[in-house]
Amino acid sequence: MDNDDSIPTLVDETTKVPVTILTGYLGAGKTTLLNYILTENHQRRIAVILNEFAQGSAMEHLLLTATTDEKGGDGRQRYEDWLELRNGCLCCSVKDVGVQAIEQLLEKRRNHFDYILLETTGVADPLPIVNMFWLDDELHSDLILDGLITVIDAYNGLKNYADDRHQEKALWSRQVAIADVILVNKIDLISQEEKSKIIELVRSINVTAQIYETTRSHIDLSLILDRNAYSKNSPPDYLLKNIPDQATTLIPHGNQTLNSVTMEFNGQFDFDKLDHLIIELLWNEQTSEQEIVRMKAVLCCSDESTYKLLQAVGQMYEFISTNEKHCDNLRNCFVLIGSNLNQERLREQFQKCLK
Amino acid sequence: MASIAVEEHLCVTPNCGDKAKLRCPNCVKLGLIDGSYFCSQDCFKGYWQEHKKLHTSAKSSTSSSENSENYNPWPGFHFTGKLRPYPLTPRRLVPPHIERPDYADDPNGRSKSEEGEKSASSTIVVLTDEQQDILRDTCRIGRIVLDEAARSVRVGMTTEEIDRIVHECCVENECYPSPLNYYKFPKSCCTSVNEIICHGIPDLRPLQDGDIVNIDISVYKHGFHSDLNETLFVGNVDQKSRDLVRTTYECLEKAMEMIRPGTKYRDVGNVIQKHATANGCSVVRSYCGHGIHKLFHCAPNIPHYAKNKAIGIMKPGHSFTIEPMINAGNMTYEPELSCNRILIGSWRDILWNDNWTSATEDGQRSAQFEHTFLVTDTGCDILTARSSGQPWFMDGNNIS
C-alpha cells in the first residue's frame with residue numbers, strides 16, 4: 001500500500017489495455033519473438049502470458065513474464081509470476097476464467113503494464129480464443145482485443161500445409177485465416193521460388209492480413225502491436241482499397257481448405273435483410289459444408305447516412321456505426337474467409353439484400 | 001419532482017464538480033467508490049490533504065463494527081456493505097441411492113461433461129418430447145423445494161437453516177441438490193442477502209428484520225437439472241428495497257414476454273437493461289442466463305445487459321434460464337436543479353475471498369429472479385412457475 005504522504009498518480013480507468021494473441025506451430029519462431037519482445041528496449045511495458053491457453057480447460061495457473069522498467073534504471077529486469085485462476089465459479093460466468101485472471105492482474109498492477117501479449121499453444125484452434133477476448137463493450141473491461149498474430153515457419157510451411165493429415169492442414173490454415181498479422185519466418189532458409197509459393201498460399205487464404213517476411217522473428221514492434229483490428233474506430237476506407245479478386249487464384253487442394261473471397265457492391269443495403277443473411281451464414285449449424293471463419297465489411301445501409309462496419313469471427317459478429325458519411329459514394333466491400341465458399345451463391349445472397 | 005438518471009461521476013474536490021474520469025489508485029485498492037473520482041491530477045493534488053483521510057477511515061472501519069456484524073475470517077478484506085460471512089456447518093451428505101451428477105464425486109467439483117461441451121461447438125440442444133417431459137418434472141420438483149424454503153423464511157432464522165430445509169426436501173423428493181460440490185460449492189442452495197448479488201453461501205447468520213434474501217434452488221433428477229430463484233422479504237422491508245425487488249421481477253417478466261421461436265438471445269439483455277435503467281437501477285454484467293438440461297450450465301449464454309454479442313436464435317425445444325441480477329441505485333437531491341439525480345447503481349461486483357459470494361461494489365442492495373424456460377412452437381412454457389403464478393414477495397404477508 002502506498003505511503004499516504006506521497007501523492008499517487010490518478011488512474012484512468014477508461015483507457016484499455018490492448019491484448020494481442022500470438023499463435024503458430026511449435027518451432028515456427030514464437031518463442032524467439034517473445035524473447036525479443038521481452039528483452040528489446042522498446043519503451044513499452046508489455047506483459048507476456050505464456051501458457052497452454054485452451055478454451056474451457058480448467059488449468060491452475062498462467063505464467064506471466066514481464067519486464068519492469070525501474071524508474072531511472074538502465075537494465076530491463078525480467079520477472080515471472082504465476083497468475084492464479086480463480087477456480088470458484090465457472091458456471092454462468094460471462095467471462096472465461098483466463099480472461100478474468102488477466103483482468104485481475106491489471107487490477108493489481110494497473111500502472112505497470114500498458115500491453116498484454118498472450119501466447120497460445122500451437123495446437124489449438126485460435127478461433128475460440130479470439131472469441132473469448134472479444135468482449136462486449138458493456139462489460140467495461142480493462143482489456144481490449146487488439147488482434148491475432150500468427151507466426152509461420154516458411155521452411156516447413158508448404159510441407160505443413162500439404163501434410164496429408166486432415167487436422168493438421170485445417171489447423172495451420174485456420175491460424176493463417178484468422179490472423180490480422182502473419183509473420184512468414186525463417187525466410188532466410190528458403191529459395192526465392194519457395195518464398196513466392198508460400199506467400200501466395202498465405203495470401204490466398206487470408207486476403208486482408210498484413211504479411212511480413214522475417215528472419216529469426218525480427219520485426220519492428222510497431223508493425224505488429226496496436227493493430228486495432230477489433231476497434232470500433234477503424235477507418236472505413238481500410239477495406240475499400242483495391243483488394244485483388246481472389247476468385248481466380250485457386251490452389252488445388254482437398255476438403256476443409258480455407259480461402260478468401262472478396263465481393264464489391266454498389267448501392268445501399270436493407271439492414272434487417274442483411275442481418276438476417278449474416279445470421280443464416282454464421283449461425284446455421286451444419287446445414288452446409290460452407291464455414292465462414294472471418295468476415296469484414298464496409299457497407300452502406302439505407303437506415304444511416306454513414307458507413308457501417310461489419311466484424312465477424314466464427315459465430316460472433318457485430319455491426320459498428322461510424323461517423324463517416326458515405327454521401328454519393330455507395331460502395332460496399334465484403335471480405336469472407338472460410339472453407340468451401342460458394343462465391344456465386346454468396347454474391348446472389350448478398351445482392352438480394354440490396355435495396 | 002423530476003429525476004435525472006446519470007451514470008457519470010463528478011470531481012469530488014469542493015467547488016469543482018467537473019466531469020471526472022480519473023480515480024485515486026488508493027481508493028481503487030480499498031474498493032472505495034464515493035469520493036474517489038477527480039477531474040485532473042492538479043485538482044487531486046490540491047485536495048489531497050483532505051482526501052487521504054478517506055483512506056485512513058476506510059482502513060479502520062473494516063475492523064470496527066458500526067452496525068456491521070462481527071465475525072471476520074479475512075482480516076484486511078474490505079467489505080463493501082454491512083454483511084459479513086458467518087461460520088459454516090459441516091457438509092451435508094446425499095444418500096447414495098439418489099442419482100448424482102458427474103461433479104458430485106470429483107475432488108475439485110469439476111464437471112467433465114460440461115467442460116467437454118464447452119470445447120465442442122456451442123450448438124444449442126433441441127430437446128425431444130420425451131426429454132421435455134423429463135425436464136418438466138425436474139422443474140416441478142425444483143419449485144416444490146423453493147416453495148418449501150420460502151414458506152419457512154422468518155426473522156431470526158439462519159440461512160444455514162434454509163439450506164437444511166432445502167437439502168432435506170431434495171432428499172425427500174429423491175433428487176440431488178445441484179449446487180452441492182459444483183466446483184466445490186459447499187452447500188445445497190445459494191442464499192444471497194441484501195448487497196450480495198448471487199452465490200451467497202448459507203451460513204450461521206440470522207436473517208434480520210428488513211433484509212431481503214434470494215434463495216436459488218437447483219435440483220438434479222432423471223439426469224436433468226432445473227434452476228430457479230426468488231428474492232423474498234424478511235420482516236418489514238424499506239420502500240427502496242421493495243421497489244428494487246419489484247423492478248427486478250418486472251425485468252424478468254419483460255424478458256419472458258419475448259420468449260418465442262425466432263427471438264435472438266442477444267435481444268433479451270436489451271429489454272432488461274432498458275427497464276432497469278428506467279427505474280434507476282443497473283444490471284449486473286458478470287453472470288448470465290444459460291442453457292440447462294442434462295448439463296447444469298451450457299449453451300446458450302444469455303447476458304442480461306444490452307448490446308451483447310450472444311449467439312443463437314430461440315427454437316422450439318430449447319431450454320434455458322433467464323436470471324437478471326439488478327442493483328439498486330444511489331439517489332441524491334440536487335438543490336440547484338430542484339430534482340433528484342440518480343447515480344445508476346454500480347453494476348460492478350466484488351468477489352469475496354470464499355471465491356463464490358458476489359457483492360455489489362458500492363454496497364447497495366441487489367435482487368434477482370429466475371425461471372427455467374422451454375421454448376414452444378408459439379411461445380414458451382415457464383417450467384418452474386409457481387402454481388399461483390405469483391412470486392412469494394407479492395403474497396403480501398410479511399414474514400415475521
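Placed from the backbone N, Cα and C atoms, the Cβ positions cover glycine too.
Remember, it's a predicted structure, so these values are computed and weren't measured experimentally.
Annotation comment: TrEMBL describes B:HIS199, B:HIS297 as protein binding site. Sequence-distant neighbours of B:HIS297 (protein binding site) (same chain, 6+ apart, CB under 8 A from its CB) are B:GLU114, B:HIS290, B:GLY291. For the recorded site, B:HIS297 (protein binding site), the DSSP three-state label reads coil.
Secondary structure at B:ASP216 (Zn(2+) 3 binding site), taken from DSSP and collapsed to helix, strand or coil, is strand. Within the same chain, the residues at least 6 positions away from B:ASP216 (Zn(2+) 3 binding site) whose Cβ sits under 8 Å from its Cβ are B:PRO179, B:CYS189, B:CYS190, B:THR191, B:SER192, B:CYS198, B:HIS199, B:ASP227, B:LEU228, B:ASN229, B:GLN368, B:GLU370, listed in sequence order. The Zn(2+) 3 binding site annotation in TrEMBL covers B:ASP216, B:ASP227, B:GLU370.
The feature Zn(2+) 4 binding site is assigned by TrEMBL to B:ASP227, B:HIS290, B:GLU323, B:GLU370.
Note: the compositional bias 'Basic and acidic residues' (B:97-118) comprises 11 helix, 0 strand, 11 coil (DSSP; helix = H, G, I, strand = E, B). Sequence annotations record features per position, and here TrEMBL assigns compositional bias 'Basic and acidic residues' to B:97-118.
Under the heading domain 'C6H2-type', TrEMBL lists B:8-62. Taken residue by residue, the domain 'C6H2-type' (B:8-62) breaks down under DSSP into 26 helix, 8 strand, 21 coil.
The region 'Disordered' annotation in TrEMBL covers B:90-122. Residues 163-164, 167, 170-171, 174-178, 180-188, 220-223, 225, 294-301, 311-312 of the same chain lie 6 or more positions beyond the ends of the region 'Disordered' (B:90-122) yet place their CB under 8 Å from a CB of it.
Take the mean position of the Cβ atoms of B:ASP216, B:ASP227, B:GLU370, the recorded Zn(2+) 3 site; other residues of that chain with a Cβ within 8 Å of it are B:CYS190, B:ILE217, B:SER218, B:LEU228, B:ASN229, B:THR321, B:GLU323, B:GLN368, B:THR372.
Counting every protein chain shown, 24 other Cβ atoms lie within 10 Å of the Cβ of B:GLU370 (Zn(2+) 3 binding site).
In sequence order, the binding-site residues near chain A (CB to CB under 8 A) are B:HIS199, B:HIS290, out of B:HIS199, B:ASP216, B:ASP227, B:HIS290, B:GLU370. In this structure, B:GLU323 (Zn(2+) 4 binding site) belongs to neither helix nor strand by DSSP; it is coil. The Cβ of B:GLU323 (Zn(2+) 4 binding site) lies under 8 Å from the Cβ of B:ASP227, B:ASN229, B:LEU252, B:TYR287, B:GLY289, B:HIS304, B:GLN368, B:PHE369, B:GLU370, B:HIS371, each on the same chain and at least six residues away in sequence.
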